[in-house]
Amino acid sequence: MRFSSNAKQFVLLIIVGIFLLLGYVFFYILCNYYIIISTTQSGLILFCFFSRTDVVAVTPWLAPIVWEGTFDPDLVDIIYKSMNLTIATTVFAVGKYVRFLQDFLETAEKHFMVDFNVRYYVFTDRPDDVPSVNLSQGRHLSVIQVPGSNRWQEISARKMKTIQTAIERQISREADYIFCLDVYSKFHARWGAESLGRLVAVIHPWFYQATRDHFTYERRPASTAYIPMDEGDYYYTGAVFGGSVEDVYTLTKVCRNQLEEDARNSIEAAWQEESHLNRYLLYNKPSKLLSPEYQWDDKKTKTKEVKVIRFSTVIKNYAEIRPNV
């Protein structure tokens, strides 16, 4: 059977049209979504994150940066809830900081990993002052006694060691993922499974619009937290970090060793464990970043990019709550 020249042209036009249509669809997906392959303990999961044009929603190493409007909360929850995961949450309530614990726990019960299994681990030198909070089904609280200190810097520096030890002794048997959070904070809106990843960091709310030369990294070469002026990706807050229990264990172990080496050399990094955290994450890239929505500061005016504040540090009087200023 032979086709006329007109028929051949018609078929050619259809083929060209199909390729143009496929090209348009691919270009639309490329411009409006980020396809992310996420590694979980159950294997690989393909996620399609919506993009936003007003913020950067993916890192140079192709890790997603989670903002409001870049994920489908219902879809993410359906995927992760089927895995029957348990999320550990560590929080330090040492000295007068125990006063922040009730608001932290009560707001967490309203907004943090709702309908997931959650285990809170409260490190405190005042176990009798830990408030009684009604916990939902599948959520538990463990109180772990730790020593106090006359220096808040010492309390801060001990966090990595304490978390590492708790993972070894207890958390590794009881949880799949872990978030390490500051107690002087409150939840305000959904914090769900979109935050889960192998290694998760939060971009600091005071530095997400700043250039690298303004980051408050440890700049003294004598410290193991040292980062040269020409290096650095983001400045991460020490108030929130997380990931798989295994990956966070490695992070805390490395940071603990660096903190102890600095102590032996009589040097204290500029921002204690936060400085060491930033050093670690520079050379061990996070698999997922959370936007400042996940750790805002109540002293900071909300910016137009931040559509929702999910978790924030409250305004506090350091002279009143710290053992030393």
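Cβ from N, Cα, C; glycine included.
Per TrEMBL, the features are:
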{"type": "ACT_SITE", "residues": "GLU274", "note": "active site, nucleophile"}
{"type": "BINDING", "residues": "PHE92, ALA93, VAL94, TYR97", "note": "UDP-N-acetyl-alpha-D-galactosamine binding site"}
{"type": "BINDING", "residues": "ASP182", "note": "Mn(2+) binding site"}
{"type": "TRANSMEM", "residues": "12-36", "note": "transmembrane segment"}
Which whole-number value in Å describes the distance between the Cα atoms of the residue listed as 'Mn(2+) binding site' and the residue listed as 'active site, nucleophile'?
12
Per 10 Å Cβ neighbour count, which of the binding-site residues PHE92, TYR97 ranks highest?
PHE92
Please give me the CB contact count at 10 A for GLU274 (active site, nucleophile), counting all chains in the structure.
24
GLU274 (active site, nucleophile) versus ALA93 (UDP-N-acetyl-alpha-D-galactosamine binding site) - Cα distance in angstrom
18
In whole Å, how far does the CA atom of VAL94 (UDP-N-acetyl-alpha-D-galactosamine binding site) lie from that of GLU274 (active site, nucleophile)?
18
Out of ALA93, ASP182, which has the highest number of nearby Cβ atoms, where nearby means within 10 Å of its Cβ, if these are the binding-site residues?
ALA93
Not counting PHE92, ALA93, VAL94, TYR97, residues with a CB within 8 A of the CB centroid of the UDP-N-acetyl-alpha-D-galactosamine site are VAL91, GLY95, VAL98, PHE100, LEU101, PHE123, THR124, ASP125, ILE155, VAL183
If I take the alpha carbons of TYR97 (UDP-N-acetyl-alpha-D-galactosamine binding site) and the residue listed as 'active site, nucleophile', what is the distance between them in whole Å?
19
Rounded to an integer, what is the Cα-Cα distance in Å between PHE92 (UDP-N-acetyl-alpha-D-galactosamine binding site) and GLU274 (active site, nucleophile)?
15
